[in-house]
Amino acid sequence: MDMAFSISHQIGSLCGTQVPLSESGTGPAEAAGIVSVKSPAANMRCRIQRQPMDADGLSPPMSPCRSTSPVFGATRPDLSMACQALMVGETASTTTETVEEYREPRPVRGKGSGVPVYVMMPLDSVNAGHGVNKKRAMNASLQALKSAGVEGVMMDVWWGLVERERPGEYNFGGYAELLEMCRRHGLKVQAVMSFHQCGGNVGDSCTIPLPKWVVEEIEKDQDLAYTDQWGRRNYEYISLGCDNLPVLKGRTPVHCYADFMRAFRDNFKHFLGDTIVEIQVGMGPAGELRYPSYPELNGTWKFPGIGAFQCYDRYMRSSLKAAAEAVGKPEWGNGGPTDAGHYNNWPEDTPFFRRDGGWNTPYGEFFLGWYSQMLLEHGERVLQPATAVFSGTGVKISVKVAGIHWHYASRSHAPELTAGYYNTRHRDGYLPIAQTLARHGAVFNFTCIEMRDDEQPAEAGCSPEGLVRQVGMAAAAAGAALAGENALPRYDERAHEQIIGAADGAEREAMCAFTYLRMGPELFQPDNWRRFVALVKRMGEGRKAGRCREEVEREADSFVSATRPLVQEAAAALVHG
């Protein structure tokens, strides 16, 4: 990090290197990244409106009665030009590897040692034509990030683009060019295996559906989609209830994920461990290990609603029925709790989630234990092939967990429960997740670390700070490395101070990495950029004695000014070609 902020080093090395916008020396198929593999057939403040229990005219019946039972247990022309460019743009068997349980502890960073910063790339960095979107703007932006001392970038590798047309046929065009661009700039890459649909979640700026052939199968069998108690289907991610069933043209969803990761490994093996240093494995909607319990699409859910359980497709219901019979309570297997309210209710509006409601009864413990265990087992099923596929490549595996901080102050923690995190006043729901990740040597990637309690609506019982502390303690107890992200775009110093405090870990080891949301025109606005450079500098240094914030910011200002010709030269190429 200190080298990245050496002005003479930056001007000497980066100014003297011209970054080509295209590659040569490879054949058409290799350059396009086409592979064919045969396989078997600001913050969350808002105006809050509480919804009545009979939303949509539905008033669910009560859940089963209580009884005893077993329990699952200054303006810079260079950056403004880059902003304009970003805004305008330009015209077989799947289990051959041996699954090995992780045995050696993965290293974590010590207190005060500094945290490397990555930056999320635009969701549509690769377009539907398998090319780099806004190539010139992308090249200039990556160069600017490198000059600021950023460690690397995070890019989504979309299942819906790569294996779009036919099963087993992978087109990595665009990604090959983008990875080479990152390599030439000296940036590391966190590659996200994005097995979910883009569109419908917070911050989704484009729409990328699941592969066409997968959508066709869902159209034939709607129960492949997550379903709520009112019959609404969610098409963001295939229901985990059919993980091990050959419902996708002869392959199971887990086999499809494994084949995709294997194809990625084989196609980009020359980048692994050097440029590509982390594989984040998509586990659900928005790539997070959770159920799609709070979908924003079409206004179904609005903050701070409690969400709704997603266990009503026939595959999930079949599993619930078997679980209920196994504990001698077959009547508990007919469905989830039907008095848990609607998406936009609050906990105290519902019999199930209120202070002493159904969640705290033997039935509630049984259902929530089953529901959360299904999510944990899904994580296991996807992590096993991921660790096998990338074993020996030198990359880390990571999993993203959502920061559901609203109604955290309530006893039931209803929004976390509907998302599959069995976290209540009486139970730590994040320790089992951390233990699962630690078993596979996977990094626990958590969101919302930029948020403060006093920025949230007090009446909604939000506590992002308390949640981040709990997750940090769970990761430490389980021996899992912890990484972080900001959940919403924030460019203000107050958010940056919160990020630094959370990432540096005053009561635990520092996070192993922090990923900043997101590269785009707003980041390159002069004031935002200056503050971002200071953030990267402070994160890289860690808690060093005698280095006050003002000193670091003065140094960042000098750095931005001194490297202005470098970035301006790159940005000019966006206009003049």
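Even glycines carry a Cβ here, placed using N, Cα and C.
Curation does not apply to TrEMBL; its annotations are automatic.
It should be emphasised that the depicted structure is a prediction, and the values quoted were computed from it without experimental measurement.
Among the features that TrEMBL reports, substrate binding site is placed at Asp156, His196, Asp204, Lys400, His405, Thr447, Asn486, Ala487, Arg518. Annotation for Asn486 (substrate binding site): same-chain Cβ neighbours under 8 Å, separated by at least 6 residues, are Thr447, Cys448, Ile449, Glu450, Ala495, Ile499, Tyr516, Leu517.
Feature annotation from TrEMBL assigns active site, proton donor to Glu288. Sequence-distant neighbours of Glu288 (active site, proton donor) (same chain, six or more apart, CB under 8 Å from its CB) are Lys400, Val401, Ala402, Thr447, listed in sequence order.
As annotated by TrEMBL, active site, proton acceptor applies to Glu485. On its own chain, Glu485 (active site, proton acceptor) has Met120, Lys400, Asn445, Phe446, Thr447, Ile449, Phe514, Thr515, Tyr516, Leu517 as residues at least 6 apart in sequence with a Cβ closer than 8 Å to its own Cβ.
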Binding-site residues compared (His405, Arg518) - the one with the fewest other Cβ atoms within 10 Å: Arg518
Nonlocal residues around Asp156 (substrate binding site), in sequence order (Cβ under 8 Å, 6 or more apart): Met121, Leu123, Ser125, Val192, Ser194, Cys198, Gly287
